């Protein structure tokens with residue numbers, strides 16, 4: 001049971017990355033357009049704001065498509081089914097909810113009693129994915145043959161969405177009310193506590209690749225803002241981009257991604273044995289620059305996550321504290337993908353106290369460096385370059401690595417599902433015992449996570465290319 005649950009959660013996490021991948025361009029368009037820069041013509045700002053806003057306004061539908069594709073090996077029919085399911089589900093609720101609640105449609109809309117948001121998109125995507133996997137090979141009588149196979153999937157998904165819409169009309173109002181109450185508490189009443197908890201748990205979920213699921217309600221659901229054009233935005237990211245002065249609570253990520261973790265990487269480099277210092281320095285400096293520029297932290301985190309768990313626990317606590325610090329000091333900046341220098345500069349149009357970030361960030365860097373340096377030495381932690389024995393990595397070009405990677409996962413017969421997100425290969429296997437974890441690390445994996453039948457190997461931003469090469473190798477071998 002646990003094996004299947006973790007494997008499915010892995011797929012959910014991966015499927016959510018597709019909708020998230022559109023945030024950078026949408027965020028830049030909306031953020032820059034809403035900032036009304038004096039050097040940008042008004043018509044250009046308006047076009048950019050409307051273009052970016054259209055993406056955020058359709059995020060539930062985009063999430064529906066992403067979830068459907070994530071569970072069906074990117075089959076386009078499931079995406080069509082998700083669109084059909086979402087549209088039908090929403091319209092069904094619009095008709096049934098007033099009858100169930102005995103309230104006018106206007107009041108239901110004002111109280112968001114039938115507004116499922118991105119969660120409704122995820123539900124619709126799950127319906128489409130289930131129906132696709134269940135019916136894509138269905139055979140019908142000859143006179144209905146045109147509707148057999150994959151053509152049947154959007155039809156049955158739409159019918160299932162009607163039933164789902166009716167059920168949600170009964171069960172969603174109390175759920176929606178609870179979500180709305182949490183949203184108000186987190187966004188307006190006690191954001192210091194809410195985002196402190198968010199930051200700590202988010203880092204705790206990184207080892208399992210499940211942090212994308214935890215991010216969704218905070219990034220895309222909490223809070224509400226209506227701009228001058230009447231567009232309504234939910235979630236901290238869309239609200240900030242649209243110009244909401246109360247948004248930007250996710251700014252704490254800049255402190256530990258741009259300053260804290262790069263300092264930790266330098267501490268690991270300085271703590272390596274003299275004979276390994278040059279090699280470790282190259283790896284750590286590269287990882288530090290990646291974190292500073294793009295906010296991608298896994299190459300650093302997985303270098304100490306398993307060999308020195310105490311360091312990761314402290315890191316998670318410091319990451320959690322970064323968010324309340326920024327909120328209490330009134331520091332606000334925008335993020336679309338992750339908290340790196342690119343986001344920091346490009347999305348600064350609606351920011352507050354931007355000058356404080358490098359000052360507080362320098363303090364965070366000192367704390368990280370000191371804690372890591374002292375504990376590594378005092379506890380003799382086996383961080384990179386301090387191991388008793390070292391193996392040279394055999395990593396090469398992605399096309400050259402594919403056969404070795406397939407072999408390390410136990411061979412193509414052992415691989416039941418192959419996927420990748422931004423920084424890790426996500427592989428489901430028939431027999432975990434056949435997976436060569438040491439071999440994966442020799443090939444360049446920063447870490448390997450095994451839970452149930454799911455295996456994650458962290459190869460950084462080249463993971464998706466590795467997945468493509470492995471797919472091609474498996475098909476042609």
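Please read every residue number as a count from 1 along the shown chain.
Every residue, even glycine, has its Cβ placed from backbone N, Cα and C.
Confidence over the topological domain 'Cytoplasmic' (1-14), given as mean pLDDT on the 0 to 100 scale, stands at 64. According to Swiss-Prot, the feature topological domain 'Cytoplasmic' maps to 1-14 (among others).
Residues annotated as domain 'PTS EIIC type-1' in Swiss-Prot, with sequence analysis given as evidence: 1-388.
A Cβ distance under 8 Å defines the sequence-distant neighbours of the transmembrane segment (15-35), meaning residues of its chain 6+ beyond its ends; these are 44-53, 55-56, 59, 62-63, 65-71, 125, 212-213, 215-216, 227, 237-238, 240-243, 334-337, 343, 346-347, 349-350, 421-422. Residues or ranges marked as transmembrane segment in Swiss-Prot: 15-35 (among others).
Per Swiss-Prot, the feature topological domain 'Periplasmic' maps to 36-50 (among others). If you look at the topological domain 'Periplasmic' (36-50), the same-chain residues 6 or more away from its ends with a CB under 8 A from one of its CBs are 29-30, 229, 349.
Sequence-distant contacts of the transmembrane segment (51-71) (same chain, six or more residues past either end, CB-CB distance under 8 Å): 11-12, 14-19, 22, 25-31, 33, 78-79, 81-83, 85-86, 116-118, 120-122, 124-126, 128-130, 132-133, 216, 220, 227, 229, 231, 233, 235, 238, 241-242, 419. Positions annotated as transmembrane segment by Swiss-Prot: 51-71 (among others).
Long-range contacts of the topological domain 'Cytoplasmic' (72-79) within its own chain (CB-CB distance under 8 A, at least 6 residues past either end) are made by residues 65, 128-129, 132-133, 136, 150, 153-154. Residues or ranges marked as topological domain 'Cytoplasmic' in Swiss-Prot (evidence: sequence analysis): 72-79 (among others).
Here Swiss-Prot flags 80-100 (among others) as transmembrane segment.
Taken residue by residue, the topological domain 'Periplasmic' (101-111) breaks down under DSSP into 7 helix, 0 strand, 4 coil. What Swiss-Prot lists as topological domain 'Periplasmic' is 101-111 (among others), and the listing cites sequence analysis.
Here Swiss-Prot flags 112-132 (among others) as transmembrane segment, drawing on sequence analysis.
Mapped onto DSSP classes, the topological domain 'Cytoplasmic' (133-151) shows 12 helix, 0 strand, 7 coil. Under the heading topological domain 'Cytoplasmic', Swiss-Prot lists 133-151 (among others), citing sequence analysis as support.
The feature transmembrane segment is assigned by Swiss-Prot to 152-172 (among others), with sequence analysis given as support.
Per Swiss-Prot, topological domain 'Periplasmic' is recorded for 173-190 (among others). Secondary structure by DSSP for the topological domain 'Periplasmic' (173-190): 17 helix, 0 strand, 1 coil.
Taking Cβ pairs closer than 8 Å, the transmembrane segment (191-211) reaches residues 6, 9-10, 13-14, 185, 218, 249-250, 252-253, 297-298, 301, 305, 312, 315-317, 319-324, 327-328, 421, 424, 426, 447, 449, 451, 456 in its own chain, all 6 or more past its ends. The transmembrane segment annotation in Swiss-Prot covers 191-211 (among others).
Taken from Swiss-Prot, the feature topological domain 'Cytoplasmic' applies to 212-248 (among others), supported by sequence analysis. Taking Cβ pairs closer than 8 Å, the topological domain 'Cytoplasmic' (212-248) reaches residues 9, 12-14, 16-17, 20, 23, 26-27, 30-31, 34-35, 50, 52-53, 56-57, 59, 63, 117-119, 122, 179, 182-183, 186-188, 195, 198, 201-202, 205, 332-336, 347, 350-352, 421 in its own chain, all 6 or more past its ends.
Sequence annotations record features per position, and here Swiss-Prot assigns transmembrane segment to 249-269 (among others) based on sequence analysis. Packing against the transmembrane segment (249-269) from elsewhere in the chain are residues 187, 191, 195, 199, 218-219, 236-237, 240, 277, 280-281, 284-285, 287-289, 291-292, 295, 297, 300-301, 303-304, 311, 315, 318-319, 321-327, 331-333, 335, 338-341, 344, 357-358, 360-362, 364-369, 372-373, 376, 383-385: each is 6 or more residues past its ends and has a CB under 8 Å from a CB in it.
As annotated by Swiss-Prot, topological domain 'Periplasmic' applies to 270-279 (among others), with the evidence given as sequence analysis. In terms of DSSP helix, strand and coil, the topological domain 'Periplasmic' (270-279) has 8 helix, 0 strand, 2 coil.
With a threshold of 8 Å between CB atoms, the same-chain residues lying at least 6 positions outside the topological domain 'Periplasmic' (173-190) that come near it are 97, 100-101, 111-117, 119, 198, 217-218, 221-224, 234, 236, 246-247, 249. Of the recorded ranges 80-100, 112-132, 280-300, 356-376, the transmembrane segment (310-330) has the largest number of C-beta contacts under 8 angstroms with 356-376.
Contact between the transmembrane segment (80-100) and the transmembrane segment (152-172) is present: at least three CB pairs lie under 8 Å, with pairs separated by 6 or more positions in sequence. The Cβ of residue 421 (phosphocysteine) lies under 8 Å from the Cβ of 13, 14, 17, 209, 212, 463, 464, each on the same chain and at least six residues away in sequence.
The secondary structure of residue 421 (phosphocysteine), as reduced to three states from DSSP, is coil rather than helix or strand.
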